[in-house]
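Participant: This is the structure I want to talk about, given as structure tokens.
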Amino acid sequence: MAKRDYYETLGVSKGASADEIKKAYRRKAKELHPDRNSDNPNAEAQFKEANEAYDVLKDADKKAAYDRYGHAAFEGGMGARPGGGQGGFRGQGDFASAFSDVFDDLFGDFMGARGGGGGRSRATRGNDLRYNLRINLEDAFAGLQKTVTVPTSVSCGKCQGSGASDGSEPATCPTCSGMGKVRAQQGFFTVERTCPTCNGLGQIIKDPCRACQGAGRVEKEKSLSVNIPAGVETGTRIRLAGEGEAGLRGGPAGDLYIFIDVAEHQLFRRDGTDLQCQVPVSMATAALGGDIEVPTIDGGKARVKIPEGSQSGRQMRLRGKGMPALRGGARGDMFIELMVETPVNLTPRQRELLQEFEELSERNNPHGSRFFSAVKGFWDSMKG
Ligand SMILES: [Zn+2]
Ligand SMILES: [Zn+2]
């Protein structure tokens, strides 16, 4: 089979300008692109042919040689003229590399069209929703079942989410014939854009459902019973799959995320799974020792033995009286911190007793004794 004339291959006249040749080649290349021609076995050969033709005609020297000698200008090794053009274009059989040379941006568009084309997704996933839930520490300790009311959109019951009114069907979009994409000329390029009529859905609704105005979903408050597990803390997220916003026209629903915020407690301060509790004790109890009762997070109480001579700030640990771990494991501990309290509003009798006590005191204040002997040393050293 005789080799086709290069001008003929590209579909231009011999007198065509460089610009016209370029345009013709682009049109041809797009038409023959492998992505579009999976069922055309000749496309590859034709593409190579067009590529070869353009490779010569775009180059002024090669074009001049071709105009003068025809295909003979590039045949064989021998008479080959103006040089070296040879390997240059013959070797370029490879589709992708030939394409990437000239057509990077256009190729990108093809990829886009292909990506969207397969799905032509008329259905769109609904948005995820966030719900902030503030709970108290007791509930975080025990866990709870909570009903939350979420303003969201749900699939329209009247049209089963299709958006079309009773008895009517969504129709194929006339602008894009259901492709969801339209072609537009932009400079040299024919690009595909999302169809403005149907927003890429490929369908239009002639007779929209009155309940949802054709959206296929309606705004509604949704009540959900949420199981908050024991051990949650501020920042814990609970995901309720599929409980977010309904998808558009039958698309999958988004998820609902419950963000937990645990309020401060008036008695307990939380540190991971441990709890801290400051407990005031009287001066006498701290000095003499004794038993006190402290509250626990489960609503009960625990007896704590105060050793004789306890100082303010002393910490005591109650094992296993802290918070449960969210993902199982041992319960944390509770730490008691003693705050020794100075008595106020003394009666004359109490004052008398304390004065008497003070007069009898000698080696009863370990901190004070250490402090004052340090002070004495300090003053001595300054004098010396
Ligand atoms: Zn509807
Ligand atoms: Zn359309």
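Just so you know, glycine gets a Cβ as well, placed from its N, Cα and C.
Here's the feature list from TrEMBL:
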- Cys156, Cys159, Cys209, Cys212: Zn(2+) 1 binding site (BINDING)
- Cys173, Cys176, Cys195, Cys198: Zn(2+) 2 binding site (BINDING)
- 5-70: domain 'J' (DOMAIN)
- 143-221: domain 'CR-type' (DOMAIN)
- 156-163: repeat 'CXXCXGXG motif' (REPEAT)
- 173-180: repeat 'CXXCXGXG motif' (REPEAT)
- 195-202: repeat 'CXXCXGXG motif' (REPEAT)
- 209-216: repeat 'CXXCXGXG motif' (REPEAT)
- 143-221: zinc finger (ZN_FING)
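Surface or core, plus neighbours and distances: that's what I need for these features.
Facilitator: A simple way to gauge crowding: the CB of Cys159 (Zn(2+) 1 binding site) has 25 other CB atoms within 10 angstroms, across all the protein chains here.
Cys195 (Zn(2+) 2 binding site) is surrounded by 21 other CB atoms, counting those within 10 A of its CB over all protein chains shown.
If you take every residue in the repeat 'CXXCXGXG motif' (156-163) and average the pLDDT, you get 83.
The list of residues near the repeat 'CXXCXGXG motif' (209-216) in space but at least 6 beyond its ends in sequence, with Cβ under 8 angstroms from a Cβ of it, reads 155-159, 161-166, 246, 248-250.
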Participant: How long is the line from the C-alpha of Cys176 (Zn(2+) 2 binding site) to the C-alpha of Cys209 (Zn(2+) 1 binding site), rounded to the nearest angstrom?
Facilitator: 23
Participant: Per DSSP, what is the residue count of the repeat 'CXXCXGXG motif' (156-163) in each of helix, strand and coil?
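Facilitator: Grouping H, G, I as helix and E, B as strand yields 0 helix, 0 strand, 8 coil.
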Participant: Given Cys159, Cys176, Cys198, Cys209, Cys212 as the binding-site residues, which ones have a Cβ positioned under 6 Å from some atom of ligand 2?
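Facilitator: Cys176, Cys198, in sequence order.
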Participant: In sequence order, which residues at least six apart in the same chain have a CB under 8 Å from the CB of Cys198 (Zn(2+) 2 binding site)?
Facilitator: Cys173, Thr175, Cys176, Gly180, Ile204
Participant: Look up Cys198 (Zn(2+) 2 binding site) in the DSSP assignment and reduce it to helix, strand or coil.
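Facilitator: Where Cys198 (Zn(2+) 2 binding site) sits, the three-state DSSP reduction gives coil.
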Participant: When you measure from the Cβ of Cys209 (Zn(2+) 1 binding site), which residues in the chain that are at least 6 apart have a Cβ under 8 Å away?
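Facilitator: Counting only residues 6 or more apart in sequence, the Cβ neighbours of Cys209 (Zn(2+) 1 binding site) under 8 Å are Cys156, Lys158, Cys159, Ser162, Gly163, Ala164, Ser165, Asp166, Gly216.
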